[in-house]
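According to TrEMBL, the protein carries these features:
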- 12-28: transmembrane segment (TRANSMEM)
- 40-61: transmembrane segment (TRANSMEM)
- 86-106: transmembrane segment (TRANSMEM)
- 118-136: transmembrane segment (TRANSMEM)
- 122-222: domain 'CAAX prenyl protease 2/Lysostaphin resistance protein A-like' (DOMAIN)
- 156-176: transmembrane segment (TRANSMEM)
- 182-203: transmembrane segment (TRANSMEM)
- 210-231: transmembrane segment (TRANSMEM)
- 237-255: transmembrane segment (TRANSMEM)
Amino acid sequence: MNIGESSKRSPPGFFLLVFALSIPFWLVGSMAKQGLPLPINLPVSALMFVCPLIAALILVYRENKLDGIKQLLKKTLDYRRIKPKIWYLPILLLMPVIMLLSYGVMRLIGRPLPEPQIPFPAIPLFFILFLIPAVCEEAGWMGYAVDPVQYRWSALRAGIIMGSVWGLWHVVGWYFQAHHTLTWTAGQFLSTVALRIIIVWLYNNTRGSVLAAVLFHDMMNVSEFLFPNYGSHYDPVITGVITAIAAVIVTFLWGPKTLARYRYA
């Protein structure tokens, strides 16, 4: 996407539309007696993952009609942008490494943790299950909103701004519907902001690949789901601190302005 195309876009309008579209999901979630029929604690409002995609489709249609929709979907699924292929390593493996480090830290501080009980052949099924939500979210966050934000504010600030909006969007589900503690919610918010910085880093280093963001988002959900038994002992405070450290390292090595100029190249 060039700067001219980005200048037509309204990230604040996109954010407001995402929140507005989410209201019915929050209302249904508040009336539901239990969450989704899954082994992990997910509120009904988690189904609002469709809202960023719907918001982006509405806005690009308003801007460029059907051609805008085609361009957005094409960009979201374009695997050819991910070059060099070495970037598939952090895209697919960084989140499992972060979760393994979280597991190790929890072991070191004496947390009682069960052995992983999910069969490894099931992991591809989880990958497919979480792929659709990842596509829907990242088509909006990265396919529509990120470029004008980072052109104006820098890549790091774009990650912080969009990560904060992303986190606020989830707070109703985390705190009010899944009934997590305030500490859990704060840790998850920190993790969410740090993850968005990392996603912007991956996006900018893969020639603006939304698919890179989709795959990383997918692995993020899969990794949390597997920790260590359907997310049973997931601690977002520990994971959030580790993820924030990873985001700081990325920012130091690739620079806050673009997150794409390696310091030692």
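Glycine too: its Cβ is placed from the backbone N, Cα and C atoms.
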Between the transmembrane segment (237-255) and the transmembrane segment (86-106), are there three or more CB pairs that fall under 8 A, provided the residues in each pair are separated by 6 or more in sequence?
yes
If you count Cβ pairs under 8 Å, which stretch among 118-136, 182-203, 237-255 touches the transmembrane segment (210-231) the most?
118-136
Positions whose Cβ lies under 8 angstroms from the transmembrane segment (118-136), at least six residues beyond its ends:
49-53, 76-77, 214-215, 217-219, 221-222, 225-226, 229-230
What average pLDDT does the predicted model assign to the domain 'CAAX prenyl protease 2/Lysostaphin resistance protein A-like' (122-222)?
96
Under the DSSP assignment, what numbers of helix, strand and coil residues are found in the domain 'CAAX prenyl protease 2/Lysostaphin resistance protein A-like' (122-222)?
92 helix, 0 strand, 9 coil
